[in-house]
Ligand code: ATP
């Protein structure tokens with residue numbers, strides 16, 4: 001069984017709840033302040049680890065109290081933190097979220113995540129059978145260096161290009177499996193896509209983006225499930241009918257679960273069905289990190 005190596009962001013999400021959002025220059029009294037471990041890298045590593053994969057998270061924390069709390073949380077999830085660095089150069093990545101009247105505003109300060117470097121990933125002992133996972137909340141040259149190393153070791157590379165930003169063909173060519181939602185796919189392909197678009201159109205756009213003949217593109221479609229383009233083959237993974245209460249982190253759960261399955265040498269179709277089921281469990285619970293299911297919970301619904 002291979003290992004999952006996630007190079008990515010770690011944030012503390014600080015959530016303030018209030019009856020209404022303040023206007024510019026105004027102060028309002030709120031009700032609660034809540035602290036949630038977040039960041040796409042951390043969320044995906046938590047998902048993979050809870051699902052039983054041996055998981056290593058490569059990233060950076062600041063030398064501050066959020067950094068210490070996050071380290072304790074991630075260690076408690078069974079994640080190997082041997083390649084996690086603490087830096088005095090920046091504060092721990094933080095998202096300031098205001099929730100009022102079912103709407104939110106978010107300010108994200110990347111902080112230490114912006115300092116994850118090519119040197120940080122160059123020491124990772126990737127071997128054949130491992131899965132290297134990344135997202136767009138750390139510098140792109142770092143991801144490219146990580147994937148080049150993974151390729152040299154014959155490990156599988158899995159990219160979740162979120163939050164969406166344009167990136168070069170050179171990085172895309174290093175990707176074995178691309179996981180993105182329909183909005184991100186539309187953005188990268190230079191066309192507009194919505195969740196009501198037909199499967200044939202979504203697959204057509206995915207095919208335009210495909211960088212090499214063996215590349216797999218998985219388009220997540222919320223409650224509609226997933227559309228996969230694997231090489232020349234295309235197939236849907238139908239969404240599971242559940243009562244969603246909070247979809248935050250559904251995409252991260254899907255990515256972590258897929259990586260865990262691939263590290264376990266599970267064939268792609270079975271791995272996608274498993275990841276789809278895992279993500280459908282996560283949307284039935286509040287929060288991102290705390291909503292990630294265990295392997296037993298996923299097995300129970302499959
Ligand atoms: P987020 O940014 O909220 O984490 P995303 O846009 O990256 O999400 P989605 O496509 O919304 O990702 O969801 C990822 C996967 O989670 C879906 O492909 C599906 O497997 C599962 N999922 C999401 N929403 C639902 C739902 N309402 N019912 C069942 N499964 C869901």
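Placed from the backbone N, Cα and C atoms, the Cβ positions cover glycine too.
If you look up TrEMBL, you'll see 3-294 marked as domain 'Carbohydrate kinase PfkB'.
Annotation comment: TrEMBL describes 11, 12, 13, 39, 40, 41, 42, 43, 137, 252 as substrate binding site. Within the same chain, residues at least six positions away from residue 42 (substrate binding site) with a Cβ under 8 Å of its Cβ are 8, 9, 10, 11, 57, 59, 70, 74, 289.
The local packing around residue 181 (ATP binding site), expressed as other Cβ atoms within 10 Å of its Cβ over all shown chains, amounts to 22. Residue 181 (ATP binding site) falls within a strand when secondary structure is assigned with DSSP. Under the heading ATP binding site, TrEMBL lists 181, 220, 221, 222, 223, 224, 225, 251, 252, 276.
Taking the Cβ of residue 246 (K(+) binding site) as centre and 10 Å as the limit, one finds 14 other Cβ atoms among all the protein chains shown. Residues or ranges marked as K(+) binding site in TrEMBL: 246, 248, 282, 285, 287, 291.
The active site, proton acceptor annotation in TrEMBL covers 252. In the three-state DSSP assignment, the secondary structure recorded for residue 252 (ATP binding site) is helix.
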Residue 40 (substrate binding site): nearby binding-site residues from 221, 225, 246, 248, 287, Cα cut-off 10 Å: none
Residue pair residue 221 (ATP binding site), residue 137 (substrate binding site) - Cα distance, angstrom, rounded: 22
DSSP three-state assignment for residue 13 (substrate binding site): strand
Structural state of residue 225 (ATP binding site), classified by DSSP into three states: strand
Pairwise CA distance, residue 248 (K(+) binding site) versus residue 13 (substrate binding site), rounded so that it is a whole Å: 12
In sequence order, those binding-site residues of 13, 42, 181, 223, 246, 282 whose CB lies under 6 Å from ligand 1: 181, 223
